[in-house]
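Quick look at what TrEMBL lists:
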type	residues	note
TRANSMEM	7-31	transmembrane segment
DOMAIN	16-457	domain 'Major facilitator superfamily (MFS) profile'
TRANSMEM	64-84	transmembrane segment
TRANSMEM	124-145	transmembrane segment
TRANSMEM	157-175	transmembrane segment
TRANSMEM	187-208	transmembrane segment
TRANSMEM	269-292	transmembrane segment
TRANSMEM	304-324	transmembrane segment
TRANSMEM	336-359	transmembrane segment
TRANSMEM	365-391	transmembrane segment
TRANSMEM	403-423	transmembrane segment
TRANSMEM	429-453	transmembrane segment
């Protein structure tokens with residue numbers, strides 16, 4: 001690791017904020033914007049099917065159509081993830097984020113004009129393209145920021161993915177309120193509102209530098225040095241990092257394909273950790289808790305309108321908790337934060353199950369459930385929320401990093417899709433006990449962290465990778 005500590009610079013802060021606003025916030029926005037105007041979208045789909053196809057859709061068919069509108073975004077994510085390393089090698093980190101921004105704009109255009117064209121297919125296409133862009137962003141944005149930052153800030157910049165997602169969800173909720181764009185006439189504008197953030201955030205992207213590690217992997221040594229000097233403004237620091245790059249480039253060789261990553265026994269454990277962390281993050285129930293939140297608030301005696309605002313307040317708490325990420329990742333070890341997050345999330349989900357079961361007979365437990373929900377959100381954002389997005393950048397060396405990050409992204413989308421498909425059915429069959437499935441995954445995440453995750457804070461990826469070369473027989477330090 002390069003000698004000497006370096007803090008934040010104005011350029012690094014600007015890059016982190018703009019890239020997050022222009023790429024990750026639109027992804028979170030796509031998740032948060034769909035709930036409020038869903039009744040208007042449902043009504044329009046019925047009318048459009050009747051006019052264009054002379055077909056009157058029944059309730060079951062409408063349920064399938066609305067599920068398709070929501071889930072096709074996740075399917076796009078799964079389809080797009082395998083292409084991330086291919087584009088990353090050819091376009092670079094900055095290039096693939098630019099491509100993602102263009103795809104997000106196309107997605108917004110499709111959703112904006114779908115009602116004008118009276119085309120359900122255009123709405124579905126827009127959501128699908130948005131999912132493809134999101135997959136590229138998941139795999140590239142944290143890697144780009146980590147490779148621009150000094151090693152001691154890798155965790156701090158890595159959590160901007162989580163900040164952007166939670167912030168985007170809140171903004172999606174705000175834009176879709178009925179006093180803004182969540183009306184029968186304006187819902188297409190609500191769905192396409194993320195274009196504003198893409199245009200603002202990515203406006204200066206061509207002024208931002210390419211990743212110096214990527215430049216070195218392409219043999220562009222002088223360009224990498226110029227980029228590092230622009231980022232660090234410290235010649236001694238630049239010389240030390242360039243020396244590290246030289247050694248890494250000599251040892252690592254050319255880019256490793258996804259097939260090679262999957263077949264390399266030395267990469268088995270780090271790949272298992274990255275994919276598991278992404279899967280656990282989604283299966284821990286962060287998306288599913290919103291299914292119960294409105295019910296908990298109404299059971300507590302609040303009106304439907306107040307319950308909606310309290311649900312928004314929970315989303316705001318989610319975002320505020322994520323804002324603590326840069327400080328937490330810089331101040332505390334990854335193993336500690338991930339272990340605490342998994343363990344506490346499991347505990348509060350168990351308490352939530354108990355509270356939900358007793359809420360109908362003992363009114364006071366409804367307020368306890370609000371507390372358990374809030375505490376779960378806070379503890380989730382201590383580790384489970386941010387760490388899966390950037391841990392791949394800290395345990396994989398440069399050649400294998402894009403493929404590993406893409407595989408992790410695929411498992412994130414897969415888990416999100418699986419949970420969205422099975423949760424309503426399991427909830428109908430078991431009620432609040434469905435959250436015990438999420439508890440199992442949180443416990444799995446804790447055990448995996450305790451047994452196999454090496455500490456990565458303030459460590460070079462090359463040093464961390466050596467600790468895991470023996471696979472599941474590795475002795476973690």
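Counting starts with 1 at the first residue shown.
Here the Cβ of each residue, glycine as well, is placed from N, Cα and C on the backbone.
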Confidence summary for the domain 'Major facilitator superfamily (MFS) profile' (16-457), mean pLDDT rounded: 89
Interface present between the transmembrane segment (124-145) and the transmembrane segment (7-31) (three or more C-beta pairs under 8 A): yes
Paired segments the transmembrane segment (429-453) and the transmembrane segment (157-175) in contact, 3+ CB pairs under 8 A: no
Distal contacts, the transmembrane segment (365-391) - CB-CB under 8 A, six or more residues away: 138, 142-143, 145-146, 154-155, 157-159, 161-163, 166, 273-274, 277-278, 280-281, 284, 286, 289, 292-293, 296-297, 299-301, 310, 314, 317-318, 321-322, 324-325, 328-329, 334, 337-342, 344-345, 348-349, 351-352, 355-356, 358-359, 408, 412, 442, 445, 453, 456
Same-chain residues near the transmembrane segment (157-175), Cβ under 8 Å, at least 6 residues beyond its ends: 12, 16-17, 19-21, 23-36, 138, 141-142, 145-146, 148-149, 181-182, 190, 193-194, 197, 312, 315-316, 318-319, 321-323, 325-326, 328-329, 381, 385-387, 389-391, 393-394
Outside the transmembrane segment (64-84), six or more residues from its ends: residues with CB under 8 Å to it: 30-31, 34, 38, 41-42, 45, 57, 96, 120, 123-124, 127-136, 138-140, 258, 402, 405-407, 409-410, 412-414, 416-417, 420-421
Positions whose Cβ lies under 8 angstroms from the transmembrane segment (403-423), at least six residues beyond its ends: 70-71, 74-75, 77-78, 81-85, 131, 135, 138-140, 142-143, 256-258, 260-262, 267, 270-271, 274-283, 285, 287-288, 291, 388, 392-393, 396, 434
